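Novice: My structure is below; once you've seen it, I'll send some questions.
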Amino acid sequence: MNTSHYSVLGHAVPYPKAYDPSLLFPISRAVGRAQIGIGVVLPFVGEDRWHAYELSWLDARGKPCVATATFHVPCDSPYLIESKSLKLYLNSFSAEVFNRAEALRLRIAADLSACAGAAVAVEFGLPPVGGGDKEISLDRLNVDIEDYGPPNPDYLSNVAQNLIEEMVEETLTSTLFKSNCPVTGQPDWASVTVRYFGVPIDHEGLLRYFISFRHHAEFHEQCVERIFQDVLQRCSPQCLAVEARYTRRGGLDINPLRTTSEMAWPISVFRDPRQ
């Protein structure tokens, strides 16, 4: 089984001069999920949406072409794709000739699907930069913070647990999220959004919980699944969606989304202003 310790992540490697799909490195999702009590039956649906900003190849006349692209990796794939390996793989197309851009798109889709162990959708272009109109920013809260890790789900609670609770639908977001790469220790910055329907969640507690990831080392996808599990278990919403929009590194950004139901949450896809 592949682990991140055997990948190119954290190692100096030469940039490829020719197309090489073997550069792609899969990491089993099962290992990280076992640590937070997720087994074979997943409590969520969703995807890891990648935005690629540095994609280039040669046309039939040898002229360089450039494009951006979006990749959709389903969360029920057995493997996630390690980010540095994806960067190197995409760079390996820089001297590869394609008569049509569609041929490149199909090649990338086939290679990423083989790496992830499930069908990966690939499209040229990026979502627009934007934001949710009804989002409530937690960053405005005037709170004292002293806990920066490990992630502490004890901060999560409902506002009124012993009263007749009224159900609400809220979209809560924070740009203050930071975690760290488990291999290199590099900081990973993100905007995190929690959308739910249920008994009101305590806003200050949720912000403190987000900030308790600040010294935590875990892959982007695993952080989002940990947040999903903790909020679901501690606050018991009837519907829940968690998405993190991580800032760009190496020409890529990662946007994991986990939700209780595809039908319950029509997702408005956009890029964060920091991406």
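Residue numbering: from 1, along the chain as shown.
Backbone N, Cα and C define each Cβ position, glycine as well.
Quick paste of what Swiss-Prot says about this protein:
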- CYS181: active site, thioimide intermediate (ACT_SITE)
- ASP188: active site, proton donor (ACT_SITE)
- ILE81, GLU82, SER83, HIS220, GLU221: substrate binding site (BINDING)
- SER83, LYS84, ARG249, GLY250: NADPH binding site (BINDING)
Novice: In the same chain, which residues outside the set ILE81, GLU82, SER83, HIS220, GLU221 have their CB within 8 A of the centroid of the CB atoms that define the substrate site?
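Specialist: Along the chain, the qualifying residues are ILE27, ASP48, LEU80, LEU86, PHE219, ILE254.
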Novice: When the number of other CB atoms within 10 A of each residue's CB is tallied over all shown chains, which of the recorded positions ILE81, CYS181 has the maximum?
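Specialist: Within the set of recorded positions, the most crowded position is ILE81.
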Novice: Going by a 10 angstroms cut-off between Cβ atoms, which of the binding-site residues LYS84, HIS220, ARG249 has the sparsest surroundings?
Specialist: ARG249
Novice: Near SER83 (substrate binding site), how many other Cβ atoms are within 10 Å of its Cβ?
Specialist: 23
Novice: Going by DSSP, give the three-state secondary structure for LYS84 (NADPH binding site).
Specialist: helix
Novice: Out of CYS181, ASP188, GLU221, point to the one nearest LYS84 (NADPH binding site) in space (Cα versus Cα); all of them are recorded positions in the record.
Specialist: CYS181
